[in-house]
Amino acid sequence: MTTILKHLPVGQRIGIAFSGGLDTSAALLWMRQKGAVPYAYTANLGQPDEEDYDAIPRRAMEYGAENARLIDCRKQLVAEGIAAIQCGAFHNTTGGLTYFNTTPLGRAVTGTMLVAAMKEDGVNIWGDGSTYKGNDIERFYRYGLLTNAELQIYKPWLDTDFIDELGGRHEMSEFMTACGFDYKMSVEKAYSTDSNMLGATHEAKDLEYLNSSVKIVNPIMGVKFWDESVKIPAEEVTVRFEQGHPVALNGKTFSDDVEMMLEANRIGGRHGLGMSDQIENRIIEAKSRGIYEAPGMALLHIAYERLLTGIHNEDTIEQYHAHGRQLGRLLYQGRWFDSQALMLRDSLQRWVASQITGEVTLELRRGNDYSILNTISNNLTYKPERLTMEKGDSVFSPDDRIGQLTMRNLDITDTREKLFGYAKTGLLSSSAASGVPQVENLENKAK
C-alpha cells in the first residue's frame, strides 16, 4: 500500500488537521468540491493567539466537512513539556539562551492525538498544512504512522492539481470569496507565527534575513523587553518542585498542571523571560532561523536546574546534560516516542528528576535578566561547612589533602615526558617563558 498519496483520493474520507486559517479552510473546501469526504480535526493546544476554539469546528462544517471535532490536547502537551524539563531535552542554545523545543513537543501531541481521533471515526487518510521543506512534514509522518499503521498521507501542498489552482494566499482568498464565503486575508505580518501553550515560534519572511532582529517581533506571550519605554518592574517568584514535578508558584498550588503552566507563562511573560534568537539545523540539515518565546518553560527550567546542581554530583549532572541534548535532538526529529528516546527519558526521570525536591526564589527583571535569591531543599548535597574558610571543625585535614594530591596526580611525570616527546617531533613548540611545551600560537604559524 502506498503511504503517501500524490493526488486527491476522490470518494474517500480524509482527515485534515484544521486550524481555521486561510490555508486549511481553502484546502477543506477544495477537497469537498473535488469529491473527497473531508473530516476536520482541531487541536486545542492552548494557543495564546486563539480566542475562540469552539468556533473553529463550526467553520469547518460550513466549508463542507462531513464532521468536525475539537480535541483537547492541553493536558498531554503540558505533561510532555514537564517531561522535557525533567530530562533537559533541549539541544539548541545560543549564548546560554535555550530553545525549549516547544514546536516539536506540540507536534508530538498533535500528531498522535489527532490521528487517534481519526482512527475512532474510521478515517485512515490524513492531511495537514506542512510543506516539504520543513520539519513538520517528517514529524507528522512519523507520529501518524506510529499511531495508525494503516494510515495514508495526503497533503494538498504536495498535490500539483491543488497547487496549480490555489498556489498562493491570494488565489485561496479569491476561491473562498467566489464560493460565497467572505474570507478576507489577515494583514500580512513580516514573519510567520506558530504557537501552543508551551511557546511561540516566529520565523520566515523577513526573519529569514539575519539583519532583521527580534525588534520586528510583536511577542504574543511576553513583552518587548528591549523597548525602554515598556515599564517592567522587578518581581520575585518562588518555584517549588516535588520529585521533579513543579507543584507550586509563589506558594500557590494548582488543581492541574495546565493551570500551573498558564500561571508560569503569565509570570515569565511579564518580563519577556525565555525569548531567544536561534540558528538551527533542520532535519534535512539545512539551517533555519527562528525567534522563540517560552516564558513558563524558561521559569521552570531555571528553577529545576538550580536544584539539580545543588543535589546531584558532577558525573550525574554531566550525564544529564549529555543525554538531555541527545534526547532533545530526537524530540526535534520527531522521535520523542521512539525506543531510544524512551530509554533516555526513563533513565533521566528515574535517577535524576526523582530527587529534585525543593524551592528556588528568583528575581525577574527584563528579558532573560534574573538573579537567584534563595535555594532550599532537604536533598541538597551542597554543604558549605565542608569548604568553609573559617577556623573550626573540618571533615578533612591538611594531611588528608596531601595524600589526595599525591595519589590523584601520579601521572604528572608521565604527562611531562609526553609533552617533551611531542616537542621533539614538532607537534608542540618549546616555551622558555613557561618551561612547558605548548601549541604554537596561530599568529606565529601564519608568519
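Backbone N, Cα and C atoms are what each Cβ position is placed from, and that goes for glycine too.
The feature ATP binding site is assigned by Swiss-Prot to Ala17, Phe18, Ser19, Gly20, Gly21, Leu22, Asp23, Thr24, Ser25, Ala43, Gly129, Thr131, Asp136, Asp194. Summarising the annotation, Swiss-Prot assigns L-citrulline binding site to Tyr99, Asn135, Arg139, Ser192, Thr201, Glu203, Glu280 and lists sequence analysis as the type of evidence. Annotation comment: Swiss-Prot describes Thr131, Asn135, Asp136 as L-aspartate binding site.
Known features from Swiss-Prot, placed on the structure.
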{"residue": "Ala17", "record": "ATP binding site", "DSSP (3 states)": "strand"}
{"residue": "Tyr99", "record": "L-citrulline binding site", "DSSP (3 states)": "coil"}
{"residue": "Thr131", "record": "L-aspartate binding site", "DSSP (3 states)": "coil"}
{"residue": "Asp136", "record": "ATP binding site", "DSSP (3 states)": "helix"}
{"residue": "Ser192", "record": "L-citrulline binding site", "DSSP (3 states)": "strand"}
{"residue": "Glu203", "record": "L-citrulline binding site", "DSSP (3 states)": "strand"}
{"residue": "Glu280", "record": "L-citrulline binding site", "DSSP (3 states)": "strand"}
Looking only at Gly21, Gly129, which of these binding-site residues has the biggest number of Cβ atoms within 10 Å around its Cβ?
Gly129
Asp23 (ATP binding site): secondary structure state under DSSP, collapsed to three categories
helix
Looking at the binding-site residues Ser19, Gly21, Asp23, Ser25, Gly129, whose Cα is closest in space to that of Asn135 (L-citrulline binding site)?
Gly129
Cβ neighbours of Arg139 (L-citrulline binding site) where a neighbour is any other Cβ within 10 Å
25
May I ask for the distance between Ser19 (ATP binding site) and Ser192 (L-citrulline binding site), taken between their Cα atoms and rounded to an integer number of Å?
14
Using C-alpha atoms only, work out the spacing between Thr131 (L-aspartate binding site) and Ser25 (ATP binding site) and round it to an integer in Å.
16
Taking 10 A as the limit, how many CB atoms besides its own sit near the CB of Thr131 (L-aspartate binding site)?
10
Using the alpha carbons only, what distance in Å do you get between Arg139 (L-citrulline binding site) and Ala17 (ATP binding site) once rounded?
14
Which ones in the same chain are close to Asp136 (ATP binding site), with CB under 8 Å and 6+ residues apart in sequence?
Thr103, Arg107, Asp128, Ser130
When each of the binding-site residues Ser19, Ser192, Thr201 is scored by other CB atoms within 10 A, the minimum falls on Ser192
Distance from Gly129 (ATP binding site) back to Tyr99 (L-citrulline binding site), taken between C-alpha atoms, in Å:
23
What whole-number Å value do you get for the CA-CA distance of Gly21 (ATP binding site) and Ser192 (L-citrulline binding site)?
13
